[in-house]
Every structure is written in structure tokens, then in C-alpha cells.
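The block underneath contains the structure these notes are about, expressed in C-alpha cells.
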Amino acid sequence: NPITLSVVLTSLALGTIFTVSSSHWFLAWMGLEINTLAIIPIMTQHKHPRAIEASTKYFLTQAAASALLLFSSLNNAWLTGEWSIMDLTNPLSCATMTVAICMKLGLAPFHFWLPEVLQGINLTTGLILSTWQKLAPMAILYQIAPTLNTPLLLALGLVSTLVGGWGGLNQTQLRKIMAFSSIAHLGWMVSILPFSPQLMILNLTIYLIMTSTMFLMLKTISSTKISSLATSWSKTPTTTALSLLTLLSLGGLPPLSGFVPKWFILQELTNQNTTILATTLALSALLSLFFYLRLTYI
């Protein structure tokens, strides 16, 4: 029904706008809840067992993350008397809030739901899940970045980049490859967040543009498996060539645009005397680049 769809899409937009523009924890939590409840009907519009399973997994994970987020903000308000997002000062609240937002985003080691959910839904819904649904949690992370535990964030970022690289190696489904790509990119964003939030915004912007491009191209050529990419070259050569360039850009191959945020992040991490972390991140990017190159070769 077009009216129902317009209501659901409006709620999806409003939920994110509520969270991004709020300075009160309760309003931010409310926006995240609206966001979660609005995307469930979009995920289940095709009455397929895989879609129902994916939406159930998504709902349970997001509900648990929202409950943890509310607990964290309540705990902080109880101890400090402050409901402002910028005043997250209690160490326990900081740790639980980081875990809650990582569950919402799908950062490792809380990433298990993301590949399964993306695999169970269609490409259009996958596009919304990979791009729009990342904005609200990232906005909260950006606001509370100065108060968060830096070693915890760096550990989560490092694990995410490694999991994103290793996980995508043996995949044949393009949506699962995009899910592991998302995990790896989120790892880069979280790694740089304590040192330079502006670089995180740059990385997020380029990631959103490239992922949107990739999903729209996959939708255009109706590809969900690696094998279907091989046959698309004869049908739509221009779109296929552009999708291959987008894949290489996602992998961070110079001189494409996806290389720029990685270059800046590695430079900033080196300036912050975290050379070992920067080296490990660079090596993990090679893992991601390997399976992107494999796709391009096919």
C-alpha cells in the first residue's frame, strides 16, 4: 500500500533526524526505537522465510542494543544527575554505551547478525540497512567521542577490520561480501574516532557514497552472487565496469577515492604514535582488497 509505505519511510527518516538532532538521551533512544520499528515492515514486505528470519534477528539485536543504551543513560543520569548526551562521564556508562552502539552498528565482536540479515533481505532494503541505518548510531558516537574509552575503541576497531577482511574471503554471495565490507569500514571509522572525529565523518561520507553506488548497480544488473557478475559483462558493460571501479574504491586502491580516508587515517594514527595499530590496519586492508580484486577479475 503506497500510503503505508510513505508512513513507514517518513518514520524511518524522522527516527534518524530525532537522534541526530537531540541532546537528551531519552530523545536519542526514542529516535533509535522509531528507526528500528519503521524498517521491520520494509524488511518483511516480501513474505519469504529468509526475510522473516532476517527481520526477527535484526529486531532482537536492535532491541537488546536499545535496552543496553537506555540502561547506560539511566545509570549515568542516576549517578551524575545529567541527561545530556555530552555529559556521559561515568566509566561504566561509557563502556556499556560503547557496546550498545557497536551492537547497533554491527561492529565486531557484535557483528554476527549483520551478514545473515543482509543476506535475507533484498538489495533495496540492504541499501537502507547499510547506509541510512548507520547515521543515527554514528551521530551518537561522534557526540560522545571525547568521553569514550580510547583503548576499548581501538581494540574494537582493530578486531572489526580483521574480521571484515577475513570474513569476506570465502564468500560467494555479494550481499555477505558487502556486509563484511561494512564491518571493515566501520572498524576504520572507530579506530580514528578518538583522535580525529572529522576524519571519521570523511570516511563515513565516502563509505556511504560508495556503498550506495554499489547496491544500486547490483540492483540494476540484478546480481546477488559472484557467478551472476560474470554474465553481466555481456549485457551491461558500462554498469559492470563502473561497479568494478566502485569495488576497487571500496577496497582502498589508489588513486581511487576510497584510498583517501585510509591514507589520512594511517597518517593521523602514525602521528599519534600508534604505529603498530596503523600497520595492522593497513595489512587488514590488504585482506579486503584481495576479495574485491577477485570480484573484479571474475
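Just so you know, glycine gets a Cβ as well, placed from its N, Cα and C.
Since we're looking at a predicted model, the values are computed, not measured.
For 22-286, the entry in TrEMBL reads domain 'NADH:quinone oxidoreductase/Mrp antiporter transmembrane'.
Taken from TrEMBL, the feature transmembrane segment applies to 56-75 (among others). Only residues 6 or more beyond the boundaries of the transmembrane segment (56-75), in the same chain, are considered here, and those with a CB under 8 A from a CB of the stretch are 25-26, 28-29, 32-33, 36, 39-40, 43, 83, 88, 90, 92-93, 96-97, 99-101, 103-104, 113, 116-117, 120, 129.
The transmembrane segment annotation in TrEMBL covers 95-114 (among others). Sequence-distant neighbours of the transmembrane segment (95-114) (same chain, 6+ residues past either end, Cβ-Cβ under 8 Å): 32, 57-58, 61-62, 64-66, 68-69, 71-73, 75, 88, 134, 137-138, 140-141, 144, 148-149, 152-153, 156-157, 159-160, 162-164, 179, 182-183, 186-187, 190.
Taken from TrEMBL, the feature transmembrane segment applies to 151-170 (among others). Residues 95, 98, 102, 107-109, 111, 115, 176-177, 180-194, 274, 277, 280-281, 284-288, 290-291 of the same chain, all 6+ positions outside the transmembrane segment (151-170), place their C-beta atoms under 8 angstroms from a C-beta of that stretch.
Summarising the annotation, TrEMBL assigns transmembrane segment to 177-195 (among others).
Nonlocal intrachain contacts for the transmembrane segment (201-218), taken as residues 6+ away from its ends with a CB within less than 8 angstroms of a stretch CB, comprise 123-124, 126-127, 130-131, 134, 138, 142, 174, 178, 181-182, 185, 188-189, 192, 224, 239, 242-243, 246-247, 249-250, 257-258, 260-261, 264-265. Residues or ranges marked as transmembrane segment in TrEMBL: 201-218 (among others).
According to TrEMBL, the transmembrane segment annotation covers 239-256 (among others). Residues 181, 185, 210-211, 213-214, 217-218, 220-221, 229, 232-233, 262-263, 285, 288-289, 292-293, 295-296 of the same chain lie 6 or more positions beyond the ends of the transmembrane segment (239-256) yet place their CB under 8 Å from a CB of it.
What TrEMBL records for 276-295 (among others) is transmembrane segment. Sequence-distant contacts of the transmembrane segment (276-295) (same chain, at least 6 residues past either end, Cβ-Cβ under 8 Å): 154, 157-158, 161-162, 164-166, 168-169, 171, 174, 177, 180-181, 184, 187-188, 191, 226, 229, 244, 247-248, 250-253, 262, 265-266, 269-270.
Long-range Cβ contacts of the transmembrane segment (177-195) within its own chain (Cβ-Cβ under 8 Å, at least 6 residues beyond either end) map to 102, 105-108, 111, 114-115, 118-119, 126, 130, 134, 138, 141-142, 145, 148, 150, 153-154, 156-165, 167-168, 171, 203-204, 207, 211, 214-215, 250, 261-262, 265, 268-269, 272, 277, 281, 284-285, 288, 291, 295.
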